[in-house]
Structures are given as C-alpha cells and as structure tokens.
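*Asks:* Below you'll find the structure I mean.
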Amino acid sequence: NMYLPPVPPPPVVPTF
C-alpha cells in the first residue's frame, strides 16, 4: 500500500 498523506476535509457549504 502506498502512503497517503492526510487529506483536508472538503469545504462545507452552509445550507439555509
């Protein structure tokens, strides 16, 4: 398995 660095979470879109 290749090393995968931590991925930042996707941007959260606020729902109104």
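Using N, Cα and C of the backbone, Cβ positions are placed for all residues, glycine too.
Annotation comment: Swiss-Prot describes Pro6, Pro8, Pro9, Pro10, Pro11 as 4-hydroxyproline, evidence class experimental evidence.
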*Asks:* Applying a 10 Å Cβ distance cut-off over all chains shown, what neighbour count does Pro11 (4-hydroxyproline) have?
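*Replies:* For Pro11 (4-hydroxyproline), the count of other Cβ atoms within 10 Å is 5.
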*Asks:* When you measure from the Cβ of Pro6 (4-hydroxyproline), how many other Cβ atoms are you left with inside 10 Å?
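*Replies:* Result for Pro6 (4-hydroxyproline): 5 other Cβ atoms within 10 Å.
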